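**Q** As annotated in TrEMBL:
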- B:42-60: transmembrane segment (TRANSMEM)
- B:87-266: domain 'ABC transmembrane type-1' (DOMAIN)
- B:90-113: transmembrane segment (TRANSMEM)
- B:134-159: transmembrane segment (TRANSMEM)
- B:214-233: transmembrane segment (TRANSMEM)
- B:245-262: transmembrane segment (TRANSMEM)
Amino acid sequence: MTKIEVKNVFKIFGSNPKKVFPLLEKNLSKEEILEKTGNTVGVNDASFKVKKGEFFVVMGLSGSGKSTLIRCINRLIKPTKGQILIDGEDVVTASKEKLREIRRKKISMVFQNFGLFPHRTVAKNVEYGLEVQGIDENERRRKAYEALKLVGLKGYEESMPDQLSGGMQQRVGLARALANDPDILLMDEAFSALDPLIRKEMQDELLELQSKMHKTIVFITHDLDEALKLGDRIAVMKDGEIVQIGTPEEILTNPANDYVREFVQDVDRSKVITAESIMQKPIELASPKNGPRVVIRKMKKAGINSILVTDAEKKLKGIVTIDDAVELAKKDNENIEEIIKEIPTVSPDTPIVDIMPMSAEADYPIAVINEDNRLLGIIVRVSLISGIVGEGN
Amino acid sequence: MLTLNIGQWFEVFIKWLKDNFEGFFDIVKNVLESGIVGTEDLLLLLPSIVLIIAITLIAWKSAGRGVAAFTFVGLLLIDSMELWDDTMKTLALVLISALVALIFGIPLGILAAKSKLVDKILRPILDFMQTMPAFVYLIPAVLFFGLGKVPGSVATIIFSMPPVVRLTNLAIRQVPTEVVEAAKSFGSTSNQLLFKVQLPLALPTILAGINQTIMLALSMVVISAMIGAGGLGNQVLKGIQQYRIGLGFESGVSVVILAMVLDRITQAFGNSK
Ligand SMILES: Nc1ncnc2c1ncn2[C@@H]1O[C@H](COP(=O)(O)OP(=O)(O)OP(=O)(O)O)[C@@H](O)[C@H]1O
Ligand SMILES: [Mg+2]
């Protein structure tokens, strides 16, 4: 289900945006347009959809238009042209009252430098979104305390923001954004002002919160590692344009152009590439109902010396080696279930780093299974290595 | 050479105003007059020593012991120079004029902060108001309101308004963008944004503007006495005109003491926030 749909959005800063559109059509660059017209192209024809519950990351260098784009979504900045649909309703043309309603109920924002109200206590900061809605004081206090507990700030409710560390201040920012239980969280470089360690901690906590809350998140960053870690999908921006949208793996393995390629160059691929992207389809499978002779024939035909056994629902039973099967056939025993051995399994989103040590120990391929134990594919050592080196793309 | 008689046009304009808005000027006059006289009466109702102690207590609460001590001694000195009544008359004129300047100045500053257009229009007017020699305001003030306290007050209002307008404007613009964005992003109305976020954060700077406005109002004391506003300014003028150096000095010292007391107290309000 689509939650946010951005359709051909432009934002031109300056006194005469009309002049800019024909130049954009002629493919003039941002610098040329600035020189010719004095207008700055903030966002240039951005289009994308964010699904409900998705963690959508927008990445790009400084000045690429990320902040402008995210501010168009709650109309802190009004797009010059285009549509932004939230649950099908256009924010760009919404009336003042409608816009206020959307901001109060549907979208909250977290800011790079926290944007806290320095004259209000932590709890009063968190209450703010409820206060402007005219919600009863006890009720909003209760919700604020709840939100603060959620982000691990129990006990700091009556502190002033400037008494807290940066990481804690941003937790307040997060609690404030969560207090009115919005569907959508907009986070503009929310962790960029924090120390690396605190930052990592916050990333982990956000992911954990997200696994419980299933918000739709639009997260801005200029840090690729952060984008890869957090994003279900990533949009890469350059000079106001979105140059690529894809899953972290797609961005890494298949960069759309040199700009993206340069961005992803120095990432440790083993941390990002997952089982899913390097697994292969097994050449042949056996059923537990097969007798040993059938199984041996299958292996010989496929040129393999072990075979995975799955049941009618494709659930993984284990592996049978050719030696065991021959042994069983000699005894005239038809029940291969007796010789099925366990093999190591991983889920599709396991990163390569974690698979490598397993692979080093295992004598057999590694099976990739989903949460129902259904076989999705196998990983053999060769594909593991080529995944790391990044061949074949 | 083309000669333009701007002065004459101005005269015509003032006359036209006077003829067409007489009712309005009468209302202004009545309101200001009763405000000032009422305040004077109130201040003079109490024995001087009671008021001195009251002001000293205010100074103590807001600015601490040092300022309180200075206030007490200073005001006693004024009283002992037998300038208490004139000082209270001046204080009444200054307080009412400054109050009116603030009543108009703060909202104007807010408007200028919220609208680029208002800011653009207001800027040259404020420059004009501040750089025009204060004496010049006396002429139209007298034309509209005759002689006495009211024209003095009007000239004082005009002269003392610019700093509070400017500083209110500046103070609101200085509230960090992200904080304003945060308030907006949670669906504040523009009034909620103003009263819950912008004004509280702008308050220290606005209070600095209020302080400056009061100080400028005090600086008009002698000038407005020239058109009959009375008070300490009148004593200073007497000192000059009648060559009574002693009286001139005593009233001058009283103005300075009053200025310092008002300054320290209003400043302290600004800092305590
Ligand atoms: N209010 C404004 N007026 C004029 N130009 C602006 C304004 N806001 C942003 N811009 C310009 O629009 C472009 C995009 O800016 P934006 O802040 O969206 O970039 P960003 O990707 O968020 O960068 P950063 O990583 O530095 O935050 C820049 O060239 C910037 O100079
Ligand atoms: Mg930015």
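Using N, Cα and C of the backbone, Cβ positions are placed for all residues, glycine too.
Keep in mind that TrEMBL annotations are predicted by a computer and have not been checked by a curator.
Help me picture where these features are in the structure shown.
**A** For the transmembrane segment (B:42-60), the list of distant contacts is 67-68, 70-72, 75-76, 79, 84-85, 88, 91-92, 261, 264-265, 268: same-chain residues at least six beyond its ends, Cβ to Cβ under 8 Å.
Within the chain carrying the transmembrane segment (B:90-113), a Cβ under 8 angstroms from the stretch's Cβ atoms is held by residues 32, 35-37, 39-40, 43, 119, 122, 149, 152-153, 156-157, 160-162, 164-173, 194, 198-199, 206, 209-210, 213-214, 217-218, 220-221, 224, 229-233, 255, 258, 262, all 6 or more beyond its ends.
When Cβ-Cβ distances below 8 Å are used as the criterion, the transmembrane segment (B:134-159) is approached by residues 14, 17-18, 25, 28-29, 32-33, 36-37, 93-94, 96-98, 100-101, 104, 216-217, 220, 223-230 of the same chain, each at least six residues removed from its ends.
Non-local neighbours of the transmembrane segment (B:245-262) in the same chain are 55, 59, 67, 70-71, 74-75, 77-78, 81, 83, 86-87, 90-91, 94, 214-215, 218, 221-222, 232-233, 235-236, 238-239; each lies 6+ residues outside the stretch with a CB under 8 Å from one of its CB atoms.
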